[in-house]
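The following features are taken from TrEMBL:
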type: ACT_SITE; residues: A:Glu496; note: active site, proton acceptor
type: BINDING; residues: A:Thr217, A:Gly256; note: FAD binding site
type: DOMAIN; residues: A:213-322; note: domain 'Acyl-CoA oxidase/dehydrogenase middle'
type: DOMAIN; residues: A:360-511; note: domain 'Acyl-CoA oxidase C-alpha1'
type: TRANSMEM; residues: A:365-387; note: transmembrane segment
type: TRANSMEM; residues: A:643-662; note: transmembrane segment
Amino acid sequence: MASSDRVTFRTQILNRHLRPSHSHTFSPPVSVSSSPCLSYIPPDLTEPASSFDTKEMRALLDAHNIQDRDWLFNLMIQSNLFNPKLRGHRVFVCPDYNQSMEQQREINMRRIEYLLDRGVFKGWLTDSSEESELRKVAFNERGVVHLDGACVGFSLNLLVSPCDGLKIRSSYPHSSKRQVLLDFRGGAIQFFGTKRHHDKWLKVTEDLGIKGCFSMTELGHGSNVRGIETVTTYDPHTGEFVINTPCESAQKYWIGGAAKHATHTIVFSQLKIEGKDQGVHAFIVPIRDSDGNVYPNIRIADCGHKIGLNGVDNGRIWFDNVHIPRENLLNSVADVSPDGQYLSAIKDPDQRFAAFLAPLTSGRVMIAVTAIYISKIGLAIAIRYALSRRAFSLTPNEPEVLLLDYPSHQRRLFPLLAKTYAMTFAGNHLKSVYVKRTPETNKIIHVLSSGLKATLTWHNMRTLQECREACGGQGLKTENRVGNLKAEFDVQSTFEGDNNVLMQQVSKALLGEYLAARKQSRAFKGLWLEHMNEPSPVILPQLTSSSLRSSQFQTDIFFLRERDLLNRFVAEVAAHQKQGRSKEHAFVLGHLLAEDLGRAFADKAILLTFIEAEANVSTGPLKNAAAAREEVMKLCSELRPHALALVSSFGIPGAFLSPIAFDWIEANSWPSSQQVP
Amino acid sequence: MLSKSNHVLSFAKDLHSILGKQVLVENRKFVQILTLNRPKQLNVLSSYMVSRLLELFLAYEQDPGVRLIILKGNGRAFCAGGDLASPFQRITQGDWRLGADYFWKEYNLNYVIRTYDKPQVSILNGIVMGGGAGVSVHGRFRVATENTVFAMPETASGLFPDVGASYFLSRLPGFFGEYLGLTGARLGGAEMLACGLATHFVPSVRLPLLEEELCKTFLNDAACVSQIIAKYAEKPALNKKSAYHQVDIINKCFSRGTVEEVLSSLEIEAAKKNDDWISLAIQSLKKASPTSLKITLRSIRDGRLQGIDQCLVREYRMICHVIRGDISRDIFEGVRAMLIDKDKNPKWEPSQLDLVTDSMVDGYFSRVDDKGWEDLKLPSRTNYPPSTLAKL
């Protein structure tokens, strides 16, 4: 910004402080007396020109594969499969909320086939380069903008996340003769299998897609994978594994794709060799023929209607002495020889289990970045609406005040907007450490993905609720999306690890590092705990505006909070252990501190990654985001002129927002009401 | 001294009267009829014509006496495009910016038409190409006839479909816009109507009556205009060979992520089935400038997610890079091969699609790094009513 512009800008801001917001300089002159009927005035015309380039800002936020993302938007907008609807002369790709669960599942399948046919999934499973992985994540994030009960986005999400229960994959109708496994979970075979599986399954899966699913969760066990009850034994005479569901609580549950479509599944099961339990292993099991008939000894039932994601056919599976070839064991960490010897390079079962499950972090990475994208949709809708909807005049005959000119409305939405920005950079950081992962970074990825998955999905729910309320009655309409997004994404706090359980994992890891550092008398290393090596930061008793806004101060208080909670958590666990309780029991009793500590860690991570991102951009738009962050701490009103540009920078095409984000008067006019059922 | 200035004066006067005839203005009560009048040049838009149209449109918007604008062409063309020869002469002679001024004005005109408050009826009784589409398709009513020939042929001459084409092509059904923009395929009036580029089809014999009735009627609003045109309009049958019958294949091929993939998927289709339009499309793509094809695809894909103002600002950046020749000089080769030597055998550089890198394509979408260069500024249009906004 030129210095003269800056002067003008500051003057305007000061002006707005001095004058009440209802008369703020950018309000269009709408006279209530002369025009009793309201007309829609697009904020794009009345808001001040953005002080930064929204395209550049978007490039920073999205960080990678921008052309690919836009291509996916193009594919969705231009296909009738995504149900384009004309509202107020604009097209919205708005789900059809009158469809039944069955219809949603059907259309969802066709959407996946469409995208598959257009080449969207090319390299999805076979190309594991960093570049390809980022592309996957990008599509995953974007796909979800069309999320609804019958939405492909969610399936895309599931496509790439090798984790818990809810998944779906696509099938390619012309290739039904070729029995190939499509691993929906985006890589369970890739991760858990070895070359023999990759060669056999991956390429055919990606290209032609037989339908696969991922059977980990059971009725009786979810987050506690080690507790699952499905049992697999080995028969050396036939060279086959035999899988059984020994009791009702062992039935596989929430298996995405299982109810209708899947032809194969990856079963997680206890492996018993000569009576000895070797822990949880994964097996490829055919469950249906290509005509959709369920194989003998397999029973499948539907999970039924859900609060969201009804386009995904979650099912339940029982196995009754199902025989599969020995080669179908996904043998990344252990194998069984033809004569029935259990072989594993990792002797310790705990370590083996940890190594086995390490790939599941990818699901949490996907969920975290998806959640933050959904928050952007909610905020873009609520803020655009608040820039055109007015309520109450402050003085008679004065124009009514724009919702977003009320400090209270700003206070509701702007902190969430600022957090969404910060969390976007945290999500980007997580993505980049994930795609560059090495065995050494597994631990940090586990901790970071756990903390951020929980924090970002909780943030998303909170943001959507606030946005729903901020849209008033219009927020109730499903066509305005925000309310439905709540239902669709609620489950994010549960799958791929319950948020509370994940936060405890974070605290355990922090505690582990604390104890290790103390025991070995070494400095803290990793998890951004190095600040523990320094003296405790001192917070001045008298806080000024400028100190509140300094990143040094902000970092200090986040460090201080984490340090304090970690010290107290360590002390509490130690105290419980001193009273003779086990370490595990001590953790359970220390849950209050553990959860707070988990949050403190995640918040710190978000702040640090954001400050780092800021430092990496020497000029240009991020400075404003930095300004946004600072200013939101104290003066939402200073953010007010940037509101539109900040949500425009999300780069979400209008078609993926909703009618209230645009001309909601026209969208609700009588003629419009005659067009739409 | 005196005689010289007299001479200059009279020359200016002559010039003015010659130029003045390039746009004929006829006032009929509430209707202004504007006729593009350079029949020998197929009514290509000279710099003067662009300025004049802009001036007239802006004036009529303020004039409560004007309720409708009819825009038509004299002769066998409505308008065959922008007058490339004159800006390119100026560009090759000196500062590329003189050429840029032409596009600055033209895009402003396109914007004013797209956001115009009053109805405009464009009578497309003949050739409509490039800039001709820019002054008509953005308007409210487009009347095609059996004589209409529409095309956006820019990629064949090293350009790209501009004049807001990334806005209107991207809003055609499916991926038909990519097909038109990349191959430069020609459409007849019936096809224009089918895909939505035209709003009505009126047989040319009925045009005089239609015009007469529009001029005589007290026109309350756009709906009233629409009703009158509908009385003369008919639903023509699509030619059996029309590519519009093949929208499924067009969608399948032209929705691909890259030009290379579009081409290879067309070749796969061609191997399955020997269809004229497919081989023609492949041929056009192979003859077109590889750089033009790549920036055109990106432009349409971006345009689908942008408003008209963003589209024009982006296209202005692109055209400035094109005429500066800072990334590829294909436009000069195109003008040579199509307009000057007329050998129709341009030698593109880069010569193949795979030689046009992503970063070269990115370059066309970036700001122009030249002192004093500015992004396109469009007139402020804050006062137009919601019905017009809807067109955005």
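In case you wondered, yes, glycine gets a Cβ from its N, Cα and C as well.
Automated prediction, rather than curation, is the source of TrEMBL annotations.
Within the chain, the transmembrane segment (A:365-387) has long-range Cβ neighbours (under 8 A, six or more residues past its boundaries) at 43, 47, 137, 140-142, 144-145, 147, 157, 160-161, 186, 402-404, 409, 413, 416-417, 420, 423-424, 427-428, 430-431, 434, 445, 449, 452-453, 456-457, 459-460, 463-464, 466-468, 470-471, 474-475, 480-482, 485, 489, 492, 495-496, 643-644, 646-648, 650, 652, 656-658, 660-662, 664. DSSP assigns A:Glu496 (active site, proton acceptor) to coil in the three-state reduction, outside any helix or strand. A:Gly256 (FAD binding site) is 13 Å away from A:Glu496 (active site, proton acceptor) when you measure Cα to Cα. According to DSSP, the secondary structure content of the domain 'Acyl-CoA oxidase/dehydrogenase middle' (A:213-322) in residues is 6 helix, 54 strand, 50 coil. In this model, the domain 'Acyl-CoA oxidase/dehydrogenase middle' (A:213-322) carries an average pLDDT of 93. Using a 10 Å radius centred on the Cβ of A:Thr217 (FAD binding site) and all shown protein chains, the other Cβ atoms total 24. Within 10 Å of the C-beta of A:Gly256 (FAD binding site) we count 28 further C-beta atoms, all protein chains included. Taking all protein chains in view, 29 other C-beta atoms sit within 10 angstroms of the C-beta of A:Glu496 (active site, proton acceptor).
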